[in-house]
């Protein structure tokens, strides 16, 4: 394998050198850092140096960028010249093709030659051609696509013309300056050097890369001269960065100016290829990675290849076929040897000196050629085609269509469709998978006081989720209402009805809590006093301030196209106005504020803000003379804001803040524009953003407070983390007790929220002293510029900042269940699938959601496992086992559910405890793992999969589910709110959890049954046909003769009988979709591999042997002793075997449509017409056994038909009878369901009800048995066969009594 | 075509993401067509085989097969057939013991036999060989069909398949190969012994024993109807042959060379090691007298063909023919048996249907 890779690599390099363009590189095959290092001495270690191509160091440029690739891409595997050798080379990696090749070569050895040389090559050639055509088409499509991409035009700086000219993408080189305008696609990975935005910001949309539609902010490299457009000639700096790699979220390097000053470069400076520039007029960047070295291309790996369980099973049986083949060949070889020994000299023997033993040995190989069809090599090709067909139908299922997203199911893995029908364990993420991941701000607690927002909950319920229809990306939705008249203006605004007529998305629709509004109103009330209440008010204002600014939300407005810069509007032309505002504020309010540290207001500000708000409303907007004319501009876009956030929580919080008039108006790199109640718009200087990461579980912003001018850190994060960080400040006792009280209360409220199933976030702040900040800033700057271990340094730096926080409060966000989740889970459980929920959420939240989605029932016995050490964990596991054992005797509990938290899980997953853990969880009906990390999720999946030998399915929507999705046998991604990482790594991508029901119960069942049946049929078909040839050996001295023309022999498998099985594998339908949905129990047949058991395989084999015996010996006796020649004897055998094989399929098929009829008839007609024409035309075309006249004569004789009819009937009789008896005497559930399908609607309903009732009874009984069963370690979960069930329940009954 | 749909996603980042990015430009609706085919709702016949549904089939099969079987059996019984195994008779036994390919002097013997009943209509006279593996792989291959089809190039240089019967004395063999080489060359003659003791030779017709297609399409003399002696100049006769191919039937140019019907019949290799081949036809007499009246006959054999080395046996078969071929009671019996079994099974199924079928449709599907 290594060598092959090397050869391929080498070869591709040659090709690349020839064409002067990039090379295709499979990500795994080519080490990422090798080539530039080899070529370029300038590159030290893992670094790459980039200098401007047309800059001052042109002489140096060539040597520096020699090792860098051009920007042309080539994703094709082949070129026109190399197609045939390369494709053949690749195809012969398959064992099946090698087998064919081996046979062909064998046939070239004269002593073993069985057929004409050309004929043995046909199967190989056909398979090779079919696959080559498929590859060629795919490759051509890639080529066309590459061409399209390579010929895109970008504006690149040209050294000759001293200006920017249009160039094709493929001509862009590392070191080029590229200028892009809004909505253009980035041609290569570039360092952002200039942006028309005054703050050096530019926005990119990475939808092409990861599917996330929200905008991401990129910024110009620090310390570059801004304002004027950059001139490439004067670009003296040198860029040192990492060698190309595939980490999208990491970029490290520095830029060295001529003055030797170094500026750190990071991911925020890098524009990634194939992203789109948004909201920014012009940008200029220098290319650092081009073509295949870009991160986008490095991340591009082909479709995933998983091998399905069924296929593994099948490979076993193929080995059995090989064994059978060897046995048959050996029999023939030995037979031939003995036969020859008994003959001395006969006129029909060609004089030969080979000994009988040697002749037997030769014959062994001849027989392998003759009986080659026994190994169903074409099965592999057929399976591929069938799976494509199955996927075609899955993708076209209208039930998987999501109108709101305009998306259907995506099948990313092409070869595990049948695994969908055998799933035993489902591991589900919670957020975004079971729930909508559409966050609605529901409650909050500020300073220890809870605001329940009851109305909010009401409206949330009344609104159906269907109101989302107008916008696809739920994060960027219209802003609406939420702007209630806080100022006590009674005038009913005429605009309001119109607003509410708009579809109003949930997360924006926050109805403020009246008490909170009241308190906020105090802010602008004249009776405002510096009391305890004002202290609380400080908390409230800070709280909402934090909600509004502690995020990475991008603000834009919907009435303008997205790219039209909204923030620059604030910052560019109205920069004057912003300054004006500041000045105004200083004039109006600051004198007072500066004296009082907690912000409160006076009458003058109140009237000012009152005026401000009055003008702010569009309805009352009149161009009245005003001291602040620019305000009106702001008023006009007040209600039209779009918040684009990276996570829905953020958006929900911003909208919540907005409902309290704490509105985020603009968000730029350095400034935030926030509107505060009673204070109007304030520009807040943004000093730093410490973005969210999963280790810290929090994010912070460092701002200079607009009023107090202090440096303030606002932190928002998971309650567990923030609660720990919110240390009691050492100092004033009063505040200490106050903080203690707040903490206590908040914790109480948090617990409540969690119980209600809300997602909780804590908000805290910290005021930094100037010196403190200076010290921190220095070290932070160091961390930012370092290339090595920068992440660690940054983490450390963030941790230094986020200490001693003052807890402000907490929020509770509700995340509603998706529609039909409980039904889906119930159906899955009825189908015998165990559902585990793995979530990062808190235990209470998880349990709550589990209850809501009926995973947990009220009758269930809950086992919780939380412990702090391994020993405790071990003890706990044993204790729970014991509890379960005594619990099972008690009536009333319908099952056990294990709830385990992350820490305990970590112990439980360790080597010596995982056995206990598995034992315990196996007996539980459901398991909920909360507070689990992505790694743990995948560990759990792997543990269950490996230890219990079951089929697992993991479903999730976020990046944290990726590892789990990849580990599981089937990974399903939900294309939801959290980007596309999960989808990108999944095998199937659906848009709602409820689709899982049909996907598994219907398509999974169908795909599995179809494929299993088709594979069995293929085995049957080959064994049946090949044995005919084998029986003939007994009558031709084991000499390897065949009684058929070799063309017909080869075509029999390749043409005459190949198409109907495909149709059978694609279209057969044992039970209708409706019934499968209604009776999830039917899914169990797939779980237990009912359609393809070892016994089924051998039964099929036996039947095949019987049929071939009949098919050979009936004609044998009919023609024995007659003057029939070989071909005349073979003709009825062939014809009847064809009829048998086709009719066998009719018996096995559950559905026959006109397509089936067409193809079956077509196949038969094709055979008969082919042989007829062949027998008329072929005079000397097929030596030695030219079929001239044979079939024509045969088919004109009644005997032929008499033999065919008898043979066909006799051969099919046992299977026909067996099926009928089996279906009558002990029908399987599937058959019963199929019988139900045929009833009239009334009977159908009645029968369905009865079935469900019986099922319910069985379930209550069987649960007890289940526990019993597992306790005595009966590994087989398949005990629900009717007869066994009776015994089982009887046994339990006696046990209970 | 289907494949292209799915692989679209493997491409790379340039492909517009499928989901969540329904920008303003996306007019195309991705909703799958709600057609019966795509939703797998094609009207279908769903046969579920149960005792109830299949039992009529069994009765029908029984009812059809039994009469056919009886018909076939009767037909087969009406065929008159007589088999004479020549080696069992002493003179021929001696011939068979002593004779080999190298013998130069033919050994003749006569076998007396008698008919118990007269043969009406045309009588076909076969010779039969047993234990002769004409279907041996290498034997079957050992021929050159182009040569036999009159191809002059192949005449001069026969196919390699013919080895080792390809050339002899550095001259190509015509016809080459093992099959031709082992041509059956006994001569059989049939005499009727009148009650008064005189022998009457029965006229044996040698025309029409080969398939029409073989005689007229597959086998052709090189150079058409030219003088065969000239055409076959420079070729050698097969090793075991006494005379050349153009001397097979000097009396009739239409039956000489490659298109000699005995030769053609032999070249059609038999399927099984025990076989018969058509030798002559005894045509029906125009008047009402039977073709072969009952009485005593003598079969005169000119013994040329050795079979002792492989323990083979020679036979002579006289048979009339019906619409379904020669005498073979097997098919009729098989039909009757299968038909009866089906009928019987039909009854069994009827019982089963009564026992289980009702239960199936009764209250509890699960019981």
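Just so it is clear, glycine is given a Cβ too, placed from its N, Cα and C backbone atoms.
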Select from A:1007-1031, A:1032-1056, A:1057-1081, A:1232-1256 the stretch of residues annotated by TrEMBL as transmembrane segment. A:1032-1056
According to TrEMBL, which stretch among A:296-317, A:318-339, A:384-405, A:406-427 corresponds to the feature transmembrane segment? A:318-339
Which range, A:359-381, A:428-450, A:451-473, A:474-496, does TrEMBL list as transmembrane segment? A:359-381
Same ATP site as A:429, A:430, A:431, A:650, A:692, A:759, A:839, A:840, A:841, A:931, A:937, A:960, A:961 according to TrEMBL: which of A:716, A:778, A:870? A:716
To which of the residue ranges A:56-75, A:76-95, A:96-115 does TrEMBL assign the term transmembrane segment? A:96-115
If TrEMBL is the reference, give me the range from A:1097-1120, A:1265-1288 marked as transmembrane segment. A:1097-1120
Taking the transmembrane segment (A:1155-1179) as the first stretch and the transmembrane segment (A:1126-1143) as the second, find out whether 3 or more Cβ pairs fall under 8 Å, excluding pairs closer than 6 in sequence. yes
Using DSSP with the three-state reduction, classify residue A:692 (ATP binding site) as helix, strand or coil. strand
Who are the chain neighbours of the transmembrane segment (A:359-381) in space, where the CB to CB distance is under 8 Å and they lie at least 6 residues beyond its ends? 94, 96, 99-100, 103, 106-107, 109, 111-115, 120, 123, 127, 130-131, 314, 318, 321-322, 324-325, 328-330, 332-334, 336-337, 340, 352, 1015, 1018-1019, 1021-1023, 1025-1026, 1029-1030, 1033, 1038-1040, 1042, 1053-1054, 1058
From A:692, A:759, A:931, the binding-site residues whose CA lies within 10 Å of that of residue A:961 (Mg(2+) binding site): none
Per-residue pLDDT averaged over the domain 'P-type ATPase C-terminal' (A:983-1227), given as an integer: 90
Spatially, and counting Cα to Cα, which of the binding-site residues is closest to residue A:957 (Mg(2+) binding site)? Options: A:692, A:840, A:931. A:840
Whole-number Å only: compute the distance from the Cα of residue A:960 (ATP binding site) to the Cα of residue A:431 (Mg(2+) binding site). 11
Give the helix, strand or coil assignment DSSP yields for residue A:759 (ATP binding site). strand
Which same-chain residues, if any, lie at least 6 apart from residue A:840 (ATP binding site) yet have Cβ under 8 Å of it: A:431, A:930, A:931, A:932, A:933, A:960
Secondary structure of residue A:961 (Mg(2+) binding site) (DSSP, helix/strand/coil): helix
For the binding-site residues listed here (A:431, A:960), which one has the lowest count of neighbouring CB atoms within 10 Å of its own CB? A:960
Measuring Cα to Cα, how many angstrom lie between residue A:759 (ATP binding site) and residue A:429 (active site, 4-aspartylphosphate intermediate)? 15
Would you mind checking how many other C-beta atoms are within 10 angstroms of the C-beta on residue A:692 (ATP binding site)? 18
One should report the C-alpha separation between residue A:692 (ATP binding site) and residue A:429 (active site, 4-aspartylphosphate intermediate), rounded to whole angstrom, as 20
Cβ proximity for residue A:429 (active site, 4-aspartylphosphate intermediate), under 8 A, sequence spacing 6+, ordered by residue number, returns A:837, A:838, A:839, A:937, A:955, A:956, A:957, A:958, A:960, A:961, A:964
